[in-house]
């Protein structure tokens with residue numbers, strides 16, 4: 001009744017979003033074309049590449065490489081990918097603002113197709129330098145897509161499907177990993193004749209995305225909030241939702257746009273200095289650092305050694321690796337299904353709990369397996385348990401949370417910080433773990449268990465459950481933690497502090 005007296009329309013109930021065909025196909029086109037490169041190149045046949053390096057060097061200098069030179073070249077090949085990813089994460093902010101989310105993904109395909117061609121012809125050209133250079137360019141592609149893709153999917157999705165679509169980034173990364181494990185089997189393409197084709201395949205998803213993604217809409221939030229084009233936003237929503245009842249969602253975007261005007265366009269430096277976003281920024285840093293420093297790359301690095309200690313022959317360890325890839329896919333898909341039912345916090349806490357426990361048990365196994373050989377099989381179980389735990393929480397869920405806890409004006413800068421932390425920690429683990437493992441052996445996994453524990457404590461104490469909430473509602477939750485008042489709260493206080501003359505409008509606000 002008060003709403004009618006004040007002339008304020010009643011709140012518009014939000015219609016439950018469904019996975020309409022346009023939304024589903026747009027997700028598949030964007031995710032398969034953008035996330036595949038990141039995952040696919042995590043699994044390659046190292047020995048085949050090293051042989052190619054050595055043979056090429058012999059043809060040039062009539063002598064084989066010594067061990068130090070081979071180690072240097074191979075270290076460059078491996079480390080160029082995360083360094084390229086870091087570069088991509090630093091330029092993605094400029095791209096998503098100037099070209100849009102969809103436009104950025106389309107432009108990014110250049111950084112996938114060009115290196116695919118170069119790596120495919122590297123054997124014919126007898127130039128291993130093409131592989132090293134291509135790893136940098138492909139890293140740039142992964143760095144851009146790792147930030148732009150979850151931003152695009154998170155802004156396409158209705159709030160009740162945001163978790164499901166947000167996990168698609170990690171789902172397709174895992175699919176890329178699994179396909180690489182399959183194609184790199186010696187009987188398929190993991191041999192001296194097939195590896196150029198193995199590498200060139202990275203360009204196929206990018207080509208498919210170039211052919212399909214232009215037919216799908218740009219992010220409605222980008223169109224309305226950043227471009228001010230409500231007509232384009234409504235048209236995109238009609239295609240994505242499959243119905244005309246859009247007022248609740250449009251009103252939500254208007255509210256976010258109004259909140260944005262108070263903050264203005266944020267740079268990375270301003271984001272870091274802003275008190276109203278302090279806990280959001282710290283949260284994505286912890287989530288990204290925890291994702292990498294919790295030991296996933298170390299587990300992958302050490303897995304072959306664990307399999308060998310359990311008596312698995314080298315010729316068959318690649319099939320055990322494929323088995324771990326199956327576990328990875330199954331648990332990531334399980335996370336995608338459960339993220340809207342159980343929520344983000346529960347999956348993150350469960351995942352880190354499993355990972356930390358697996359690291360502790362694995363430490364015991366590695367210390368005592370020489371005295372009790374049966375423990376070696378427990379080591380394989382620990383590897384699979386760790387992969388399952390990481391796949392259900394730490395791997396897929398941060399992609400959802402980092403999109404949800406920032407509004408439109410700060411999301412660009414936040415994703416630049418997020419991507420930089422992700423790729424730097426990825427590089428640090430890959431570069432330092434072999435030395436740490438050589439120095440302290442099995443005890444290195446205790447470090448990872450401690451990081452899992454600390455990250456889980458932070459999530460429990462700080463990060464709220466964001467399931468089913470709008471971006472503005474999540475912003476209000478963090479505003480209380482940051483001890484700041486949002487513009488609308490200040491406005492209400494000013495009105496309440498005014499003269500006690502009653503009016504219908506003031507009664508409504510009160």
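Yeah, the Cβs are placed from backbone N, Cα and C, and that goes for glycine too.
Per TrEMBL, the listed range annotated as transmembrane segment is 195-216 (candidates: 41-62, 195-216). Within the same chain, residues 22, 25-26, 29-30, 32-34, 36-37, 40-41, 44-45, 48-49, 52, 102, 105-106, 109, 112-113, 115-117, 119-124, 131, 134, 138, 141, 180, 183-184, 189, 239 sit at least 6 positions outside the transmembrane segment (195-216) and bring their C-beta atoms closer than 8 Å to a C-beta of that stretch. Through the fold, the transmembrane segment (440-463) approaches residues 279, 282-283, 286-287, 289-290, 293-295, 298, 344-345, 348-349, 352-353, 355-357, 359-360, 362-363, 366-367, 394, 401, 433, 481 of its own chain, all at least 6 residues removed from its boundaries and within a Cβ separation under 8 Å. If you take every residue in the domain 'Major facilitator superfamily (MFS) profile' (27-467) and average the pLDDT, you get 86.
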